[in-house]
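Colleague: The following block contains the structure, expressed as structure tokens.
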Amino acid sequence: MNHTGSEAELQELDAYKSLFDRVERQPLTPEQRAACVSSARNTLVLAGAGTGKTSTLAGRAAYLQASGKARPEQILLLAFAREAANEMDSRIASRQTQQDKSVEARTFHALGLSIVQEVEQTTIALSELSDEAVLLSCLEREFLQLFNHSDRYGCLVLSWFDAYETQPCFRSCFQEEKNYQAYLGQQVFRSYNDDYTRNMSEMLFANALAVLGIRYGYRAHYFRDVYLRAYEPYCCCFYLPAYDCYVEIHDLPESLIKHYPAVEKYRSRVRGIHRSNGTFLLEFYEQEIGASGGNPFVGQIQQALGLKTERLQVSDKLFRSPSRLRNLLGLLKSALLAARSGKQSLPVMRAMLENKTDFQSRYKVVLLDLLMPLAQSHEQYILRSGKIDYAMMIDRATRYVREGRYTALWSDILIDEFQDLSAPRYELIKAIREQNPQIRLFCVGDDWQAIYRFAGSDIGYTSRFESWFGKARCMALCRTFRFNNQISAVASRFVLENPSQTRKNLITRVRQTRPAVSVLDDKQGVASVLQDIVLKQGEKPEITVLILARFRHLLVPASTLQGWQQQFKGVHLRCLTVHAAKGQEADYVIVLGLNNGEFGFPSGKESNLLHESLLPEAEDFTQAEERRLFYVALTRARHHVYLMYEPNHPSAFVLELLTNDYAVEVLEHKDPHAGRVLPFLRSGPSPIGESPAYTQVKQWMKTRLLRLIGFDKSA
């Protein structure tokens with residue numbers, strides 16, 4: 001970080017001291033002032049949470065005008081969201097001392113639209129497909145039309161569910177039986193008809209029967225009571241009532257049965273049952289799915305039952321649960337939005353994967369083949385309507401600037417939340433700079449708060465700033481006005497576990513000795529935490545509390561929030577996802593759901609491979625973005641953060657805080673056996689090298705266990 005200014009910059013600081021004293025409600029800090037007068041062609045200001053990035057941008061805009069370096073119309077001030085742009089406008093306008101035109105903040109999309117409309121000399125409306133709900137509805141109509149009326153597309157859909165929704169692994173792929181059984185325990189095999197089968201072969205067979213229009217019973221009881229062993233009646237894999245036929249699926253190739261004594265014994269036993277009772281048995285064996293993804297059992301069933309080879313009746317009616325198709329549509333919609341917000345060409349990506357045979361490549365190929373007709377229809381619909389969507393705003397504007405059809409007259413570009421820059425936005429800025437290389441670039445952001453990769457943002461533009469924009473001056477704002485030293489210590493240390501994050505030492509205005517981050521059992525409930533907050537605040541009339549969750553469906557219902565609002569007078573409650581809380585702050589923050597699992601924090605949701613490949617390159621560090629998201633959650637609070645988790649399923653983040661001597665306290669719920677509230681478990685140096693919080697949690701769990709089994713005489 002370079003904070004040392006040139007002699008000319010030092011003179012500017014003296015000359016405009018009064019401006020920096022009054023441009024915001026509080027005088028700007030020395031760091032902010034130094035950033036404002038930077039004379040570098042490219043300046044990157046890394047502004048930690050609560051360090052006053054908006055004040056710095058307002059100060060820069062005011063300085064450029066006061067010093068005569070730029071008129072208001074020569075300053076392009078860009079934000080990523082309309083709310084942020086509005087706040088910037090409000091801040092700048094409120095400090096304007098003259099009636100002259102002030103600098104106007106714009107979003108990238110608003111900039112793109114204004115360029116397009118100026119070049120095309122017409123007003124262009126935003127397409128209704130920019131609304132994700134409308135887009136999904138439109139995609140669903142087009143998808144069902146293709147599925148029900150295009151043989152090729154219909155087979156592609158079935159291929160997805162047969163071979164790619166669950167990665168196909170068969171018994172013969174495993175060297176040890178225990179590994180195969182472990183695999184089966186981790187997977188869900190769900191047929192079109194919503195039968196949850198025991199393995200991949202049974203699922204494929206059920207799907208083949210559905211495509212052929214053959215009714216069946218899965219795991220049907222034999223027509224008479226026959227027991228394989230005590231209390232275990234014989235149930236065949238499938239029963240086909242129209243043919244009075246029983247079917248057994250052996251999840252091995254026939255040639256390998258002899259190497260599996262248990263399977264061979266079961267086959268012999270089943271054959272004996274049917275032979276002695278005169279019933280019709282068909283046996284099928286494990287079949288590998290071909291490169292095309294077609295179901296190998298379709299042809300075998302047709303041959304075994306003497307059916308004519310006819311055109312398969314493929315339609316959405318095959319699926320008992322419409323949610324199956326909606327889930328696939330959700331994947332396709334996410335991939336479509338990622339493709340439109342990035343720089344990837346779907347046909348080019350498809351061509352690159354053409355000759356690859358590994359599962360991940362074939363997975364992407366199937367989804368691309370499903371997506372490309374939908375993407376083409378989407379594009380044509382918007383073009384026919386004469387409207388525009390968000391991606392088009394920026395892409396078309398970039399093209400017009402490059403072609404010289406639009407002339408950029410700015411001398412300075414100021415960008416807020418620079419860590420959220422995406423490839424299309426970068427290309428637009430690059431095109432403007434190429435047209436006028438003298439334009440100064442002033443970017444303010446924080447790589448610790450880069451949390452929008454899923455929307456196309458690329459942290460690389462911040463971490464490798466000079467490689468994208470040329471020689472630059474990099475500065476940092478380290479004096480935070482929001483939270484205390486205890487929150488800062490936990491949050492900063494946590495995010496810096498990733499060595500790729502820029503090193504910053506945040507300085508807090510408020511210092512205290514007691515931990516300001518609490519970890520607690522979610523059984524205590526949010527209401528008890530609110531009660532604790534009210535007691536802490538004493539006579540303070542107004543308190544703000546943010547209740548945060550990783551996912552929208554985990555947010556507190558509005559009715560519950562309203563009840564708490566009535567119960568705790570003077571406490572202003574808001575409930576947001578952590579992403580939505582970016583840029584927000586409150587006296588206290590309660591973070592819900594710090595559990596392990598798919599919808600935990602960090603999230604255990606598996607990324608869709610196609611969507612992932614359409615996004616900026618992922619970082620090497622595990623859970624890098626989730627770690628930054630947790631940092632954002634922690635740093636919304638001024639005074640204290642409460643982290644709530646389920647003790648049986650604590651998240652990796654909770655365990656890290658508890659076992660690595662972080663300055664946190666653990667609040668235990670009221671113990672019904674002891675009739676008292678367990679005390680705070682303070683963290684700090686331990687004489688035996690173990691976190692005191694971790695030690696006391698272990699001791700408490702041991703005491704509870706002894707009490708439950710009757711060996712604790714003190715109970």
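Just so you know, glycine gets a Cβ as well, placed from its N, Cα and C.
No curator has checked TrEMBL annotations; they are predicted automatically.
Marked as domain 'UvrD-like helicase ATP-binding' by TrEMBL: 26-484. Annotation source TrEMBL lists ATP binding site at Ala47, Gly48, Ala49, Gly50, Thr51, Gly52, Lys53, Thr54.
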Colleague: Given the recorded ATP site (Ala47, Gly48, Ala49, Gly50, Thr51, Gly52, Lys53, Thr54), which additional residues of the same chain have their Cβ within 8 Å of the Cβ centre, ordered by sequence?
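Modeller: Along the chain, the qualifying residues are Thr56, Asp446, Leu477, Thr480, Phe481, Arg482.
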Colleague: Looking only at Thr51, Thr54, which of these binding-site residues has the biggest number of Cβ atoms within 10 Å around its Cβ?
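Modeller: Of the binding-site residues Thr51, Thr54, the most buried by Cβ count within 10 Å is Thr51.
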Colleague: What are the sequence-distant neighbours of Ala49 (ATP binding site), meaning same chain, six or more residues apart, C-beta distance under 8 angstroms?
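Modeller: Spatial neighbours, sequence-distant, of Ala49 (ATP binding site): Asp446, Trp448, Gln449, Thr480, Arg482, Phe483, Ala491, Leu506, Tyr631, Val632, Thr635.
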Colleague: Can you name the residues of this chain that are 6 or more positions from Gly48 (ATP binding site) yet have a C-beta less than 8 Å from its C-beta?
Modeller: Asp446, Trp448, Ala476, Leu477, Cys478, Thr480, Lys504, Leu506
Colleague: Under a three-state reading of DSSP, tell me whether Ala47 (ATP binding site) is helix, strand or coil.
Modeller: strand
